[in-house]
Amino acid sequence: MSDTFSSELERAEKQASHPKDAASLDPFGSEVGAAVAYKTCSWWHIGALMVAETISLGVLGLPHAVAMLGLVPGILLIVILGLYATYTGYVIGQFRNKYPAVANWADAAGIVAGPWAYEIIGLASILLIVFIMAAHVLSFSIMMNVLTDHATCSIAFAVVGLVVCFIGGLPRTWKNISYTSIVSCLSVIFAVGIALVGIAVAKLPDAGHIDIINYESSLQTKVMALMTIILAYAGHVAFFSFISELREPRDFPKALFFMQTVSTTFYCFMGAIIYYYAGPTVLSPALGSASPIVRKVAYGIAAPTIVVAGVVNGHVACKQIYLRVWKGTDVVHQKSFKAIGSWVGICAAVWTLSWVIAEAIPAFDAMLALIGALFCGWFSYGFSGVLWIYMNKGKWWISKRKGCLTVLNGAIFLCGAFICGVGLWATGTELAAGHSGKSFSCADNYHPSN
């Protein structure tokens, strides 16, 4: 075990044994006189980042999910899972307030279950984020193919996406990235709005033919639709990183409630309205149901969110590695060659890995769904139940209120396990039966699905 990890483990054990001592601990230490200060964000900076990370072009998969489930079950699931995601996010904030040294999920897992959990959960969180980054690199190449009518090799477009995302992720602090996230939020709203208007004006033949409950889709299809909704609330993997750079960590609930209100409202509105105007044959992404011209305009306006949402997720993984490499030193606060060079190197390595994954794995959409089934149910739901149970150890049944919360958080943990189980079944079946594409192919990769 390295000295770096030993010191990290000692700090985690100290917090677990002496929670009160944690008040003086912080992942960035003292920033008095630091050349680079991290704890500079107001709650609205983090709120904008959370919206940019959570809401991207994934929202365009929701109309298809609603169509597969039916209007009422689809909207109910969006609302219910949104409320659960709000509560589990609040629990993450509570845990971070009690253990201020936590900067990521690896730190939290180390406190709850020791060094093995630190390593496994840390690796799982980075793996999830790298696949999300790969999805954004892939989305960039798809966007370029749509805009240019596949003017050149898709690999070249993906390389351009890799370079753009890498450059966008070079700032070391969340505050600097938060300004671009505002542009990202506006771009996805306008892009989806244009798609909605374009689909409505097109007067598609199935417009208005909606199912209140879809009895015809298979169980596997319904589970895949559920996974699409769960992936729309998959931002929790970044929450600890966001909180660690707040000037006042106790302001996190403001950012959380802002993001969840915006995202849940947006998801319900777009999921229902686009489904209504496109009908039961709505494609995923829903832009596929619009005319070619509208599709190009919408994708062009959506370019900032494709890039920025990827940058925000990438920053979480890079920051986790960066803090671990320089744990116990003051390098992260410096503007030295060592500090800047190591950050640039980590960013380059992680983004290059995401590009390789995006290009190398056949049936990428199914593989991404598989990773989502493995991890998103846990990070957005199940693990938060474990955090609450750990924080309240010995107090589970001291009152009716605590007893109800104990049952609720136990159910949330089981919900995470259920999502993982059924998600693995559905996505694994689709991956096994799917038609794999060629790795590192120059072919046009814009293929909306029904």
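Glycine too: its Cβ is placed from the backbone N, Cα and C atoms.
The domain 'Amino acid transporter transmembrane' feature in TrEMBL is assigned to 40-427.
What TrEMBL records for 65-87 (among others) is transmembrane segment.
Residues or ranges marked as transmembrane segment in TrEMBL: 120-143 (among others).
Residues 133, 136-141, 177, 180, 306-308, 310-311, 314-315, 318, 343-344, 347-348, 351-352, 354-355, 358-359, 440-446 of the same chain, all 6+ positions outside the transmembrane segment (149-170), place their C-beta atoms under 8 angstroms from a C-beta of that stretch. Residues or ranges marked as transmembrane segment in TrEMBL: 149-170 (among others).
Marked as transmembrane segment by TrEMBL: 182-203 (among others).
Counting only same-chain residues 6+ beyond the ends of the transmembrane segment (223-243), those with a CB under 8 A from a CB of the stretch are 41, 46, 49-50, 53-55, 58-59, 61-62, 64-66, 68-69, 74, 77-78, 81-82, 85, 88-89, 92-93, 96, 102-105, 107-108, 125, 128-129, 132, 174, 217, 249, 252, 255-256, 259, 263, 267, 284, 312-313, 315-316, 319-320, 369, 372-373, 375-377, 379-380, 384, 419, 422-423, 425-427, 430. According to TrEMBL, the transmembrane segment annotation covers 223-243 (among others).
Same-chain neighbours of the transmembrane segment (255-277): 43-44, 46-47, 50-51, 54-55, 59-60, 62-63, 65-67, 71, 74-75, 78-79, 82-83, 85-86, 89-90, 93, 189, 192, 195-196, 199-200, 204, 207-208, 210, 229, 232-233, 235, 239, 242, 246, 286, 289, counting only residues six or more beyond its ends whose CB sits under 8 Å from a CB of the stretch. The transmembrane segment annotation in TrEMBL covers 255-277 (among others).
As annotated by TrEMBL, transmembrane segment applies to 297-318 (among others).
Only residues 6 or more beyond the boundaries of the transmembrane segment (339-361), in the same chain, are considered here, and those with a CB under 8 A from a CB of the stretch are 36, 130-131, 133-138, 141, 155, 158-159, 161-162, 165-166, 169-170, 172, 314, 317-318, 321-322, 325-326, 331-333, 367, 439-440. Here TrEMBL flags 339-361 (among others) as transmembrane segment.
Counting same-chain residues at least six beyond the ends of the transmembrane segment (367-391), those with a Cβ under 8 angstroms from any Cβ of the stretch are 84-85, 87-89, 91-92, 94-95, 98, 105, 108-109, 111-112, 121, 124-125, 127-128, 131, 134-135, 224, 227, 230-231, 233-237, 361, 405-406, 409-420, 422-424, 426-428, 430-431. Taken from TrEMBL, the feature transmembrane segment applies to 367-391 (among others).
Per TrEMBL, the feature transmembrane segment maps to 403-426 (among others).
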Please work out which recorded stretch in 65-87, 120-143, 297-318, 403-426 has the most C-beta pairs separated by under 8 angstroms from the transmembrane segment (182-203)?
297-318
Applying the under-8 angstroms CB criterion, which one of 65-87, 120-143, 297-318 scores highest with the transmembrane segment (403-426)?
65-87
